[in-house]
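Each remark here refers to the structure printed beneath this line.
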C-alpha cells in the first residue's frame, strides 16, 4: 500500500502529468462556471483528445476537469444565481443572496475553501479506507438507495419556507415530471405521445438550467444596473470567507461526508448530494437565516459536491459502475487507455487508483489557491456589469448547453418552459428547492422502490443494519419537528 | 460558367468552339452521372471524397463509443482520411438509429451497433426503419453473456440453479431493463420448458455492472451479466453458466448451456459489436470500409490497446457476416419471442 502510494505520488508529480493536471483544473473551472456546460460536456469534448497521452496522464486530465468543474459551478451560482452545473444548484440559495448584499468576495472565498477542504478530506478518507471500499460498495443495495432518495424528499418539509402546502406542491410537481419517458422497471411508454425524444424523459439538468438560469435572467430583466443591489456597498473580505469555513468544521466535515456517501450511489452524484447536504444543514441548525445569505449554506453545498467526486470514484473504479454522467465519461477514458475498472484497481493496480486520488488532492490545493487568489479578486467585478450585457450572454449559454447535453431538440423548448415556470414559482413563493428535489430524486426513488417491492416489500428494509439506520433517520426528520413542537407545547403549558 | 471562363487558349482568350466543346463535355459527364454509367469505378477510387461521419447512437464513454473511436480513429490514421464522431444518444439508441437510417447512403456515414442487443428495441417499438436494410461493414468483438450467482449460495451449476428455483428457494432473478436482450433471455429461460428456470420476480437494473453488484451483495441470488462484468467481479460472484454455444474465453472451465445439453440460445447468448452503413450504400464503398476496418482492427496499435485493457478485439467478419448475423438475429427473435409481451 505504501509502495503504491509513493509510486502514485511519483506519477502525479512527473512531467507532463502535473502540467495536464493544471490544464485540466483550469479548463474544468472554466467549463464548470459556464451555465449549461459543466463537467460532462467538458470531459466529453476532451475525451477523444486524450488519445496521444499515456493512460494515467489522461485519467489525471479527465479527473482534474471533473473536480475543477465541481468548484467552477459555484462561481456562476454565487455571482448570477445560475449554477454552472447541477452540482452547484444549492449554492445559489445562499451564495447569490450574499452577492446581492455585496458579499460576493466572501461567498467566493467560502466556496473555494469549502470545496478544497471537502474534496481533500474525502480523498484522504478513501485512501485510508481503500482496503475496505469494495465491502463499502456492497453495503448499498436497492432498499438503501431508495431510503437515501426518500431522506432527500423528506427534507422538502425542512427546507420549505413559508407555505408548506406550496412546498409539497412544488416537490410533488417535480416528482410528477419524472414519470415522463420509459422507466427502468417496465418497457411502458409514459406520456411520450409517440415522440422518440421524450422516451428518455425530461432531463433534470435542463430543468435546473431553466428554473435557475432563464428564470433568474427574466427576473433581472426587470431591474436596472448590475446584479448587486444599487444601494449596496461591496464588502466582505477573502479572509473572512476563509475563516468562516474554518470556524464551521462540523458543517464542512458533515457536508463532505454526505457528498462522499451519496457519490457512491450509482445514478445520483453531486446533483443530489448538494441538495441533501443543504437540506441537512438547514435541518440540523437553529440558525434561521438560510436562504438569506448564510455562508453555512454555501459550505454545505460546496463541501458536498467536491466530496462527491471521491465517492463517485468508488463504484466507478471498483466495478465499472458510473455514479453520474461525468464518471461515465471517466470510465470511457479508462477503457480508451486500456485501464479496465475492477477490484484489481484496489489490489495489484492500486498505484493507478492512488495516482487518481493524489491528483485530486493536488487539484484541491489548486482550487484553493486559484479560488482565493484569482477568482475572489476578479469575480465580483462581474456583479457590477450592467445586466443588459449579462442576460443575453447567459441565455445563449443556457440554451446552447441545454441542447448539447443530449442533442435533443425538445430540450430547447423545455429550458424555456422551465425558465418561465421558475420565474413564476419564485414570484409566488413556491419552493424551487422542493421542486428540484422532486425532479432529481424521483427516478432514483421510483426504480429502487420497485426493486425493493419485487424483492419482498417493506420487510426488506429491516433486513440490513444500514437500511434500518436510514429508515430511522428518515422517520426522525419527518416526525422529529412534530414531537419537538408537542414537547415544547406541553412544557409551556406546564 | 465560372469553370468555363477560367479555361483560356494560348492567347488568353477562349474561342466559341472551345466553349461549346467544354460545355458539351460537361453535359455528357452530367448525363452519364445521371444514368449511373461506368464512372462508378473512378468514384470508387476517389472514395472517401469527404469526411467519414461515425454516428454513435449512445453517449460518450460507453463501450460502443470507445470501440468505435479506437477503430475508426485508427482508420483515419492509417488511410489518412478525416473521420468525425457524433454522439446522438437517446431512446436506447433509437434516436441515433433513426437519424442514421435517413442519412446519406454515399458511404460517408457509418454507425456502430450491437447485434442483437440494439436491434431488439427497434423490433419492439414502432420505428420508421428496418435494421435488416442496413448494410454491414465489419464485426469487431463479441461480448459473451453469463449467469452469475452469489458465492454464499454455493450454486454448483445451472442444473442445481434450476432445481433451487423449482423448489422455491430462489425467486428473484436479475438482468437489465425489460425489452433488453438480458430480459428476453430471462423470459426464454422461464417460458421455454427445455430450460424451465422458474423465477418469479425479474429485478431490472440499469447496467450489467449494477446486476453484478446486486448479485455480489446478496440482493438477488442470480442474474445475467456480460462476461466482462463477471471477469471484473470474479472475486465477488460465481459464474454459473455461459449462455453462448462455445467455450467462454475468460472462463474455459465453466460449462455452457449447450455443454449441459440445453438448446442453443443462438445469437441471443451474446452480443456482437459491429459497424453498419445506411441502406443502399454502394458495394464498392462498403468494400473500402470493410478493408479499412479489418486493417485497423488487426493493427498492432489496436491489438496492443485491447491486450492492455483485457478487451476482446478481432476482425470477426465483413459485410456479409454482419448482414447474415443481423438477419438471423431478427429471425430468431421473431420466432422465439412474443414481442407483443413487451409492447404497451
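Note that the numbers count up from 1, one per residue, in the order the chain is shown.
Cβ atoms here come from the backbone N, Cα and C positions, even for glycine.
Sequence annotations record features per position, and here TrEMBL assigns domain 'DUF112' to A:18-437.
Residues annotated as transmembrane segment in TrEMBL: A:12-35 (among others). Under 8 Å from some Cβ of the transmembrane segment (A:12-35) lie the Cβ atoms of residues 41-42, 46, 53, 56-57, 60-73, 75-76, 80, 82-85, 88, 209, 212-213, 355, 358-359, 362-363, 366-367, 370, 375, 394, 397-398, 401, all in the same chain and six or more residues away from its ends.
Taken from TrEMBL, the feature transmembrane segment applies to A:55-80 (among others).
What TrEMBL lists as transmembrane segment is A:107-130 (among others). If you look at the transmembrane segment (A:107-130), the same-chain residues 6 or more away from its ends with a CB under 8 A from one of its CBs are 1, 5, 67, 70-71, 74-75, 78-79, 91, 94-95, 98-99, 136, 236-242, 244-246, 252-253, 255-257, 259-260, 295, 298-299, 302-307, 309-311, 313-314, 346, 350, 353-354, 357, 360-361, 363-365, 367-368, 370-372, 375-376, 379-380.
Annotation comment: TrEMBL describes A:136-156 (among others) as transmembrane segment. Here the transmembrane segment (A:136-156) has long-range neighbours at 129, 167-168, 171, 175, 261-262, 264-268, 272, 275-276, 279-280, 282-283, 314-315, 318-319, 431, 433-434, 437-438, 440-441, 444-445, 448-449, 451-452, 455, 460-461, 463-464, 466-467, 470-471, 473-474, 477-478, meaning same-chain residues at least 6 beyond its ends whose C-beta is under 8 angstroms from one of its own.
Annotated transmembrane segment per TrEMBL: A:168-187 (among others), in sequence order.
Sequence annotations record features per position, and here TrEMBL assigns transmembrane segment to A:193-214 (among others).
TrEMBL lists A:319-339 (among others) with the feature transmembrane segment. Residues 39-40, 43-44, 47, 50-51, 53-55, 58-59, 62-63, 66, 69, 137, 263-271, 308, 311-313, 345, 349, 352 of the same chain lie 6 or more positions beyond the ends of the transmembrane segment (A:319-339) yet place their CB under 8 Å from a CB of it.
When Cβ-Cβ distances below 8 Å are used as the criterion, the transmembrane segment (A:351-375) is approached by residues 4-5, 7-9, 11-12, 17-18, 21-22, 24-26, 29, 55-56, 59-60, 63-64, 67-68, 71, 75, 108-109, 111-113, 115-117, 119-120, 123-124, 126-127, 130, 238, 242, 306, 309-310, 313, 317, 339, 345 of the same chain, each at least six residues removed from its ends. The transmembrane segment annotation in TrEMBL covers A:351-375 (among others).
The feature transmembrane segment is assigned by TrEMBL to A:387-403 (among others).
Marked as transmembrane segment by TrEMBL: A:409-426 (among others).
What TrEMBL records for A:433-453 (among others) is transmembrane segment.
Feature annotation from TrEMBL assigns transmembrane segment to A:465-483 (among others).
Listed by sequence, the residues of this chain that lie at least six past the ends of the transmembrane segment (A:409-426) yet keep a Cβ under 8 A from its Cβ atoms are 170, 195, 197-198, 202-203, 206-207, 209-219, 398-399, 402-403, 432, 435. Here the transmembrane segment (A:433-453) sits against the transmembrane segment (A:168-187); at least 3 CB pairs are under 8 Å, leaving out pairs fewer than 6 apart in sequence. Confidence annotation: the domain 'DUF112' (A:18-437) carries a mean pLDDT of 86 in the model.
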